[in-house]
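Feature annotation from Swiss-Prot assigns active site, proton acceptor to Glu255. Annotation source Swiss-Prot lists Zn(2+) 1 binding site at His254, His258, His264. According to Swiss-Prot, the Zn(2+) 2 binding site annotation covers Cys265, Cys270, Cys289, Cys292, on the basis of similarity to another entry.
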Amino acid sequence: MQIIRHSEQTLKTALISKNPVLVSQYEKLDAGEQRLMNEAFQPASDLFGPITLHSPSDWITSHPEAPQDFEQFFSDPYRKTPSPDKRSVYIQAIGSLGNTRIISEEYIKWLTGYCKAYFYGLRVKLLEPVPVSATRCSFRVNENTQNLQIHAGDILKFLKKKKPEDAFCIVGITMIDLYPRDSWNFVFGQASLTDGVGIFSFARYGSDFYSMRYEGKVKKLKKTSSSDYSIFNNYYIPEITSVLLLRSCKTLTHEIGHIFGLRHCQWLACLMQGSNHLEESDRRPLNLCPICLRKLQCAVGFSIVERYKALVRWIDDESSGTPGATPEHSREGNGNLPKPVEAFKEWKEWIIKCLAVLQK
C-alpha cells in the first residue's frame, strides 16, 4: 500500500492559493467554514486523511493526470457555472431501475433527494422515465460477461436533444451496463462537460454482478434489426440494497462534480478521486476534501453548515425526502418504501463531527 501525503504548505496553497484576490475571498468565508477547511493541512486531522493506493491498477497510478488546485479551478476558462436562469439539474431514468414500478420510482426519488442535499441550493428535477427504445441507441451483449450493454455516446446525444432550457445539466441513470466504443469492455459513466450531459450506469453495483451466479447473462442476442429493442423488456435488475444505493449516490455526485469542472482529486481522500475498479470506488469516501468542497461551494454558493444539515436529514428521513418530486403518474399505488441507509450511518457520524467544528 502506498500513501500519498502532501506537505502542509502544498495543501494550504492548493486550498487557499497565493493569489491575493483568492486569499481575500477565502478570508471572507464564515469563520466556521475556514476552521473546517483548514483541517486540510492539519497533520493530526481526523476528518481528512491522505489518499491510499492499494495496487498498481488504482487510478492515480494507471492514469497520470496533472492535479487541479482551487486557483486552477477558479481560472478555468471552460468551466461552466450555474446561472439564475440555468440552475436546475435534471435526472433522466432510462429503463426501469427496480424490479417493480414502486421500487424503481422510490429509488429514483432517493437519488434525487441525495443530489438536492449534495448540491445544496440547486433545483433537482425528475424527467419522465423513458424506455431504452426511446433513445435509439446501439446495444450489444458483452462477450466477456454476457450482459446487455447500451452505447454511452448515443445516450449522450439523446440527452443533449432533451436538455431543458433552464438546465445546468441533464444526467441519465440506468441499470443497464454501458460501453463507450466497440473496443472497450465497459464504462461506469460518461459525460460531456461542454454540453452539460452525462450518463451513468449502476448495473455493476449489485452484489452478484461479478459472481458465477449472476442472473443478467444473455446467452445470445437475437434481434431482427437495429431497431428491435424487445430484448430490454425483461432485462435483469439487481436488488436495491443499502450498498447499491451508496455506490449509486457516489457515482452520481462524482460525475456531476465533473460537470461543474472539478477534476480528479489528488490531494486528500475525496469523492472526486478517480477509480479504476469497484474495490477502489468503494474505498472512496462520500465526502469532498476541503479543496474540492471550496470548488463546489464557489460554483454553487451554498452554506456548508446548511448543506451538511441537509445531508443528515436525507440519511435520517426514512422515505424519499422529496415530496412532490415524482412525475404525476407515479403517485398512484402504495406509499413510500423504507430507504435503505444503513451503509450511510458511518458517514452521518463524520458529518456530525464536521458540524461540531463549523458551529464551535
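Heads up, the Cβ atoms here are built off N, Cα and C, so glycines get one too.
Location within the structure of each feature annotated in Swiss-Prot.
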| residue | record | Cβ within 10 Å |
| --- | --- | --- |
| His254 | Zn(2+) 1 binding site | 25 |
| Glu255 | active site, proton acceptor | 19 |
| His258 | Zn(2+) 1 binding site | 17 |
| His264 | Zn(2+) 1 binding site | 20 |
| Cys265 | Zn(2+) 2 binding site | 25 |
| Cys270 | Zn(2+) 2 binding site | 25 |
| Cys289 | Zn(2+) 2 binding site | 27 |
| Cys292 | Zn(2+) 2 binding site | 27 |
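Distance from the CA of Cys265 (Zn(2+) 2 binding site) to the CA of His254 (Zn(2+) 1 binding site) is 11 Å. The Zn(2+) 1 site is set by His254, His258, His264; from the centre of their CB atoms, other residues of the chain with a CB within 8 Å are Glu255, Gly257, Leu262, Arg263, Cys265, Met272, Gln273, Gly274.
Between the alpha carbons (Cα) of Cys289 (Zn(2+) 2 binding site) and the residue listed as 'active site, proton acceptor' lies a span of roughly 16 Å. Rounded to a whole number, the C-alpha distance linking Cys292 (Zn(2+) 2 binding site) with Glu255 (active site, proton acceptor) is 13 angstrom. Taking the centroid of the Cβ atoms of Cys265, Cys270, Cys289, Cys292 as the Zn(2+) 2 site, the other same-chain residues with Cβ within 8 Å of it are Leu262, Trp267, Leu268, Ala269, Leu271, Met272, Gln273, Leu288, Pro290, Ile291, Leu293. Rounded to a whole number, the C-alpha distance linking His258 (Zn(2+) 1 binding site) with Cys265 (Zn(2+) 2 binding site) is 11 angstrom.
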